[in-house]
Amino acid sequence: MQVNGLKDRAQDLRKSFIDSLEEDIRDFLINEAELHTYDDLTKVNPVTPSTVLKCLQARYSAKVFYTHAGCTLVALNPFQPIPDLYSLDVMREYHSAPQPQEFKPHIFIVAEEAYRNVQGQVEPMNQSLVYSGESGAGKTWTSRCLMKYYATVAASSQKCQDTVEKIERRVLGSNPIMEAFGNACTLRNSNSSRFGKYIQLQLNGSVLLSLRFTHEHEPEMMKGATGKQRLEWMLPLDQDFAWLPHAEKTLEEDCLQETVEAMINLGIDESKRTQIFRILAGLLQLGNVDFRPALEEAQTCDLDEHSKGTADLLQVPLDELQSCLTVRTLRAGKQNVLKLCSQSECSVRRDCLAKVIYAQLFDWLVTFINNSMCADRSMWCNFIGLLDVYGFECFLLNNLEQLCINYANEKLQQHFVAHYLKAQQEEYVTEGLQWSFIRYQDNQGCLDLIEGSPSSIFSLLNEECRLNRASDAKQFCVRLQKELSHNASISWDKFSKQPHFTVAHYADKVSYQIEGMMEKNKDPVPPELISLLQNSQDSLLHSLFADGDHESEGLRGHSKVVTVISKFRNSLESLMKILHSTTPHYTRCIKPNPDCRPLTFKREEVITQLEACGIVETINISAAGFPISNQAVLGSAVEDVLNVVLKRRASNSTLSPDDNNNMVHCGRTKVFLTHSLLEMLEVHRNRVRSQKAFCIQCCWRRYQNRQRNLKRQAATRLQVWMDALAEAELDDAEDFIENEASSALPKLDRLLKERGSVQLSSIQEPVMVRGWPIGLAMASPPSITVSLTATGFQRIMSMMACLKIPFRNGEYKVKTNQFDQGVASIRAQPRGSIKVHLQRSPLLYADMHPVHKTDVVTGFNQILLERP
């Protein structure tokens, strides 16, 4: 009876909680007119799939396509161009904003945050922008917008406009090429990425751009080619191509001219462009090659006329092409044995030839783009990575391609879970926060099923491919059931006639057909096909296979087989290693309807994606947790700063102390903050910095003013002192008259000997005469050279100025060694005897302000000469 009572009480509590939750949801949804104003889903209360979905639907109806979801951004695809949403003015507005987070949610906020993290941190860390979602959710468009944004804001730091335009052309020019050659039209998306693209935007110390990439969409040729090009490429208007089933469909991405211009901007010359398009045209013709069974058993299959066009475009011998497609070379010991291929085997070899050519051409383009734009390692220090990877796929028929694509998405989902959901909550517990774990969907079980050890889908596929025997789909299905039935993420449909297995991915359940999966994993390239391409007369096609480093089943012998899965895993592991070394920024792209119709919101479609990618759990953790954490080296000092800010906030608000405590928590080694408290700290820091800057400015200006006053006072005192000395000397000066003697040397006066020196050419013994620093006027005959050194301020200056020396030819010249100090005299030609009279002190004409000026001449003194 007691147990039943506890159960009844638990049921009553659960029912009460559910009723209360439903009442909260109803209260929240009453004001539907205001739902579109919730720019951050953490403000939704309560946070449930229903409330989040309703809020997103309201914003989508209001043509608002970006919404914050805590630490991530949710982007809904409008499936139509939105004017002014990605314009240059909007880019500059977000880039120049002091706090971009205060603006409306936008992909540019995520881009700017990553850009400022590289630019502003003491030790900048590489950044990664990861945008995930289903095929058709808008990831490729997001990649375009981000590349345009970084090309604009990073290049704008350049002073030269030509450099800015060159950077933009280079960065943005790579995108049309990669989309044209790496994307395809699928059932779910007209521009679906068929490869993973990780772009490194390399930044130097000044945060300027360099660029690097790390690692069948041909309808553009059909719609953009001119008549002359069609004739050259053998593409008549009325011809259909088997590998272009939707060639008549008009797509926004069909733009051959844009692709050609991008090639030109990246430095692909005309001859290379011609070779590239000829090879593509040859592949289109190769896809139309059909095989007819031979009339006799000992004969090869017959090929139709399209094989001739293929041979001409690829510039290979026609007979060798036909032989390679219809005859197989087997290695038996040391001898080669020829075996005729069946009609189906011929089709497989045809597809294999096309695939290996296209794969090598695509790799060549990626290498060329990297070599064209990648800067030397010494020229850049950090990078921002943009990851555009194929989205989650689920078709009616799924095979190895979809398994690899969905496996990559599982790895990205695990990275998101580990970074945002799992690690964050574990850190709270480690730091001593009182935290109750929020449940989330962990996809580790699914990853163990696909790639785990010792047994997994990948390991069993690789083992099957390494066995030298024919593949059996039913036998492999039985082995999967035997080895992996313990994993809850795999299941089988007992009523299905085709061998298959179903994997419960994080996004949805997907059923994979086993038939043909082993052959695709082996991916054999017959050696005769490689030899054919090495003998091509087309220089580009020949260079793609000239190194001979291409695996082929005949050349491998008993060496280890490198499968498609092995190569894919190695490439993905390299990518994940880069992501783990960077600071990630996640954007969840949502596909609002399966038919790609503009502004159409399907609730069932959206809710499935929200639940799959863990948006609701992310919102709950972000709303309840602390998105900001900092190392607390000085614990007491940090607490003092936080207390000052919280006290200031408490005095200006009506919140309780408990609300303040919920905004910050000091852990054992870190301090955890909410966004609101972080903004308060930023405001407080800006206020304190402004006050300190104002104080420094005041002190500096006061110092400068004092220095100017001291210099002005010193100049004034010196001026007055010099003026007084000059007036005293002029008042006490006496005239000295020297008599001319034509036969004997002049006698030097005793006073002249004592007070100065006049160096005359006719006087053997120099005599010192001191005087300072007024310009002196000396009359001398042509045969006498006078050199005067003025040092001191003595009366002899006045006597020498008044000394009368006769002149013979009427020429008179006065020089002084005081010009370097800014004092100079004028040159005069007096008649007869003269008298130099100083009416004013020369310092009255000097510059009174001791500040360097380049536009005026200073230190020029005026000496007035008058006749006696």
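Glycine residues also receive a Cβ, built from the backbone N, Cα and C atoms like all the rest.
If you look up TrEMBL, you'll see G133, E134, S135, G136, A137, G138, K139, T140 marked as ATP binding site. Look at TrEMBL and you will find 36-686 tagged as domain 'Myosin motor'. Look at TrEMBL and you will find 572-594 tagged as region 'Actin-binding'.
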TODO: Could you tell me what the rest of the chain brings near the region 'Actin-binding' (572-594), counting residues at least six beyond its ends with Cβ under 8 Å?
DONE: 56, 60, 69, 71-77, 79, 107, 110, 113-114, 117, 125-139, 142, 188, 196, 198, 214, 385, 387, 391, 407-408, 411, 415-416, 419-420, 600-602, 605-606, 609-610, 613, 615
Open item on the list: Around the C-beta of A137 (ATP binding site), how many further C-beta atoms are within 10 angstroms, looking at every protein chain?
Closed with: 24
Open item on the list: Going by DSSP assignments with H, G and I as helix and E and B as strand, what are the residue counts for the region 'Actin-binding' (572-594)?
Closed with: 9 helix, 8 strand, 6 coil
- [ ] Could you tell me the mean pLDDT over the region 'Actin-binding' (572-594), as a whole number?
- [x] 91
- [ ] State the count of C-beta atoms found within 10 angstroms of the C-beta of G133 (ATP binding site), not counting that atom itself.
- [x] 25
TODO: Drop a 10 Å sphere on every Cβ of the binding-site residues S135, T140 and tell me which sphere holds the fewest other Cβ atoms.
DONE: S135
- [ ] Note down the number of other Cβ atoms within 10 Å of the Cβ of K139 (ATP binding site), including every protein chain shown.
- [x] 26
- [ ] Provide the number of Cβ atoms within 10 Å of the Cβ of G138 (ATP binding site), excluding the reference atom itself.
- [x] 25
Open item on the list: Is it possible to get the count of other C-beta atoms within 10 angstroms of the C-beta of G136 (ATP binding site)?
Closed with: 24
TODO: Tally every other Cβ atom lying within 10 Å of the Cβ atom of E134 (ATP binding site).
DONE: 26
